């Protein structure tokens, strides 16, 4: 069933839901650039004001996946994405990127989907470039990277070219819209497992149920109650877990895993170079908060990837990957592998 853009806008004004097929139609218009900037801006703002439903987000993510340049991965076992929505305003170093190296070193395959920093001082793309990684790979090269190194970085603009049709509107609006939460839902490699950090407590239950509708296997959506879009050391973390088709919501604390609750203040960085230094320090097994929060998040990712039986088991595997030097070696391995494709 189709709906006109004007009807959709009226629906948002009346705080009524746009149904699945209607949302598919609208989103395709946006992704093809067939809506005027005024209409596109009005609809995505209207959705934000009325609050997007699980069904609307799932439909939008379905279309964004349709328009993506996909990465074909042959073996889906222990395959995980570690990603945050960003926008948490914490300005910490790239914890999920550091966790990628540890998670891969401990036996998972990681497809990291990311971009340059917008709200943060250093996005995943920025810190990977600072480390010497070539982020500008084609889809087949990313697939080769995952097969060879256990890691692949998908630079969002290379995989979502249709997003250029809404980029100017989003930039001019300058407020969060549905597109801020679609990125983590649209991994171009289709990783069935995921550790996803979100910027608001309400999104925990929403995003995990969107992933349920999209057919994901094992997903942990997390929100640190100190405002972090990661598993936090500074507060309890809300978790929405999808496993075997069922959703469970619960809370975890650093002390549950023998970790001390400490402030995340020392994790703040001003730029990608500072983030690089902190990331390498953690992977070099330097004692401190950076190493502990990477261990905690990598351990959670290893549980999501089904490499570990529990978060606690995952943390133990993460500790071993760091202490053995395997996690640090993964950085050099990814740099070497991706540099051969330098154009």
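Heads up, the Cβ atoms here are built off N, Cα and C, so glycines get one too.
If you look up Swiss-Prot, you'll see 84, 87-88, 92, 94-97, 112-120, 124 marked as 5-phospho-alpha-D-ribose 1-diphosphate binding site, on the strength of sequence analysis. Positions annotated as anthranilate 1 binding site by Swiss-Prot: 84, 115. Summarising the annotation, Swiss-Prot assigns Mg(2+) 1 binding site to 96, 230 and lists sequence analysis as the type of evidence. The anthranilate 2 binding site annotation in Swiss-Prot covers 170. What Swiss-Prot lists as Mg(2+) 2 binding site is 229, 230, and the listing cites sequence analysis.
When the binding-site residues 92, 96, 115 are compared by the number of other CB atoms within 10 angstroms of each CB, 115 has the fewest. Spatial neighbours are here defined as Cα atoms within 10 angstroms of one another, and by that definition the neighbours of residue 229 (Mg(2+) 2 binding site) among the binding-site residues 84, 115, 116 are 84. Annotation note: residue 92 (5-phospho-alpha-D-ribose 1-diphosphate binding site) sits in a strand segment as assigned by DSSP. Note: the Cα of residue 113 (5-phospho-alpha-D-ribose 1-diphosphate binding site) and the Cα of residue 230 (Mg(2+) 1 binding site) are spaced 15 Å from each other. When Cβ neighbours within 10 Å are tallied across all protein chains shown, the highest count among the binding-site residues 113, 116, 170 belongs to 113.
Counting only residues at least six positions away in the same chain, the Cβ atoms of 84, 92, 95, 96, 197, 222, 224, 293, 297 sit under 8 Å from the Cβ of residue 230 (Mg(2+) 1 binding site).
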